[in-house]
Amino acid sequence: PPLLFHACGYFLLALKLQCMTHKEDSPKKSYLSLFEGDRDEYDRRYSSFPDTLKIKMKGMAKDMFYFGYDNYMKYAFPEDELNPIDCQGRGPDVLNPSNININDVLGNYSLTLIDTLDTLLVLGNVSEFHRAVKLVIDTVSFDKDSTVQVFEANIRILGSLISAHILLTDPKHPFGNVGLEDYDNELLHLAHDLAVRLLPAFENTSTGIPYPRVNLKSGVPPDSINETCTAGAGSLLVEFGILSRLIGDSTFEWVARRAVRALWKLRSNETGLLGNVVNIQTGQWVSKQSGLGAGMDSFYEYLLKSYILFGEKEDYRMFQASYESIQNHLRRGRESCNEGEGDPPLYVNVNMFNGQIMNTWIDSLQAFFPGLLVLNGDVEEAICLHAFYYAIWKRFGALPERYNWQLQAPDVLFYPLRPELVESTYLLYQATKNPFYLHVGMDILESLEKNAKVRCGYATLHHVVDKSKEDRMESFFLSETCKYLYLLFDDDNPLHKSENKYIFTTEGHVVPIDKRFREKQWNDLSPCEKVVTDQETSNGPFSNNSNCDRIPEERRYSLPLKSVYMRQIDHMVGLF
């Protein structure tokens, strides 16, 4: 039976209703009738979004980006990040090498500038894009005594360099010919150099699963731990695969694909699920928790996106099997999002071997999953799960890092300006064109402007309740959060008008779906593999038969989720 995950007050309401229905044999009523109320309240708020307001929000998102970017360039460059409260730059914590919260990400390589390159093009600023590219070429080197996390360096730095290189050199991409005079593939050379410096992570590991960190000068540190998370080791294939296909060297795709296969072999025979943390030498699971949030999220994302990009059937088979296991063992609640009785769908954290619930929290990174559901064509399911995270946002004006759905309270209170909810909001709007999602974007924009804006940028919220702040603006705020907010309100963006298809990496970098990425200059990695042809992919989850058509036209002018279910979710998170 579906798990009831309401707090005590929720049970008392249902019990009271049950007792009432037994008096005098009165007709039995659904507990959902508690949430019927004024059905027009949600319709009035969300059913339309004027073009003038859309233009205003687009301008607000643009101003938000430039307030952060300009101040980074003024006060922080060439350091990695901007401290937006003190208006100073931040680099690695060299005095405390164990401070992995900082050092995993900051490598003393102008992180924020590199991570932001393609956002400048999305905003239409070709001249600043060219200036930024020249700065990267002239000032960035990876010959640094920096120990960084392989995953972070891959998605933030390698992915952005590859994306910007493709945008500079391929006139078929959505932004047209933005080539730079005298550009000689320098960004691609930088990407290659960085990837070579990450390769030692894949050496001397019994399983083929990489070490979590490398020193860019000397390789794997002698005191490196043998434990890594599933997402960290299994989310390298998109960037490494594109690099291999751009330069004609199979090494990078081979090591990334070997890591994915090694993790895949370690899944539970009973449930098909993977754990969260694994020992790279023994293959033993250190953390047996299976979920959709931190430590696992982008592993599933990259199974699907790798298939979309490279057409390798193996990737989609793994994604389909994973998705089936997720639905069978992680999903709780009623069967249908928008019909029937029971609790709204929710994906919980379970033991990978038996599917038993391990805790009662979910984390903010899981808010990416509605967007992945959209890419897979499961728009109705995406609508329901997105509504749950939006309700949490409405309550706090941010997403706490962990939220306890049983206690209706945050377990971990900070919010570092993460993009996942915005990303899913953008993809759902593209799939449905429902004005509801423009309202969600406006709520997020206004919350960020009210709660996170400081003297020189936007600051991490230390506490989502009292809105106290930390002096840090992570690079993904400019690379992803601002980008998705801008695109949400910019219907005329070249990305939306182009005939060519594209996807976003897990760091929000634009990558075209290009025929050349489906062609390898080397033999198949395995004799049983078969490259998917264009004919075969035309029936896949990303075919030209857009998933947007699965939402009937009339649904675009009504609430994506019925008001009774929306009110139910709002009550679940303590909004009333």
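Every residue gets a Cβ built from N, Cα and C, even glycine.
Note that the coordinates shown come from a computational prediction; the quantities given were computed from them, not determined experimentally.
Summarising the annotation, TrEMBL assigns active site, proton donor to GLU152, GLU401. TrEMBL lists ASP297, GLU420 with the feature active site. TrEMBL lists THR506 with the feature Ca(2+) binding site. Summarising the annotation, TrEMBL assigns signal peptide to 1-19.
Here the features listed in TrEMBL are painted onto the structure.
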{"residue": "GLU152", "record": "active site, proton donor", "Cβ contacts under 8 Å, 6 or more apart": "ASP104, VAL105"}
{"residue": "ASP297", "record": "active site", "Cβ contacts under 8 Å, 6 or more apart": "ALA231, LEU365, GLN366, PHE368, PHE369"}
{"residue": "GLU401", "record": "active site, proton donor", "Cβ contacts under 8 Å, 6 or more apart": "ASP363, SER364, PRO410, VAL412, LEU413, PHE414, TYR415, PRO416"}
{"residue": "GLU420", "record": "active site", "Cβ contacts under 8 Å, 6 or more apart": "SER364, LEU365, GLN366, ALA367, PHE368, GLY371, LEU399"}
{"residue": "THR506", "record": "Ca(2+) binding site", "Cβ contacts under 8 Å, 6 or more apart": "ILE155, SER235, VAL238, SER298, GLU301, TYR302, LYS305, PHE368"}
